[in-house]
Amino acid sequence: MKSGFAAILGRPSTGKSTLLNSICGHKISIISPIPQTTRNKIKGIFTDDRGQIIFIDTPGFHLSKKKFNIAMMKNIHSSIGEVELILYIIDIQDKPGEEENKILEIIKNSKIKFLVLLNKVDLKNTKIKEITQFLKEKEIEDNNIIKISAEKKINTEELKNKIYENFSEGPLYYPQEYYTDQEINFRISEIIREKAIENLKEELPYSLYVDIDILENKKGSLFIRANIFVANESQKGIIVGKNGKEIKSIGERARITIAKIFETKCNLFLQVKLKKNWNKEDKLIKRLIN
């Protein structure tokens, strides 16, 4: 029986969360075309007769001096210190850039075993030649490279085999039926945030967060009251929408997803609140990103 921890690293929107959800077979990490949707270290657990893999999905690696981004980068570095293996995922639709150089530098300095995953091989018009040349120049051995499609589950079985090859004998860290260790409040707040991101302009998702005010199980149904906080007054109108159209859409789609995941009826009530410049408050950022 083998077991261990594997961190998923990569630039924003490379398919890290999709890979986590695909292999674990459940919606664990929220997904959006908006870069850096993932803020926290999200654990996904895969168990079979060979052992157990605990994946840690990390925020997208992005070089920026904004407080929020710096906090997320600290998250990535702390994740690396917790694992036996790093899965570095590259979107083959994009040319290698400054982030690729920095990520490989961090990985090599860590002395931790790693695999490079070339994701989205099911798509056309890729930069596979440029990426292959880049990895060759960085002296990455072919044995450490796997071509995959996280969405289409291409070569994910080969990936699991490779991961187990890099793990040592060990116990199961979680019961077999577990697929994540996230608390229900966090999962629900992330689902609401995901649905808000799907509706809104690109710049707005970075200025909102969700807090669960009330979460109760009443006669077999979830009763949830949640607050969506924004950083300035104008953003409230964007989220609420004309005659409440946007917030109603966010709430309805979040309710459907919550009911499906937790296999129960769900009553969800959302309210939009202003917390001016919250994304510049160190204490709040630290609480939200962990």
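Placement of Cβ uses the backbone N, Cα and C atoms for every residue, glycine included.
Note on Swiss-Prot: of 36-40, 91-95, 96-100, 216-220, the range annotated with the feature region 'G2' is 36-40. Listed in sequence order, L9, G10, R11, P12, M73, I76, E99, K102, I103 are the same-chain residues at least 6 apart in sequence whose CB falls under 8 Å from the CB of F61 (GTP binding site). Away from its own ends, the region 'G4' (119-122) comes close to residues 14-15, 19, 89-93, 147-152, 154-155 of its chain (Cβ-Cβ under 8 Å, at least six residues beyond either end). Over the region 'G3' (57-60) the predicted model carries a mean pLDDT of 82. When Cβ neighbours within 10 Å are tallied across all protein chains shown, the highest count among the binding-site residues S13, T58 belongs to T58.
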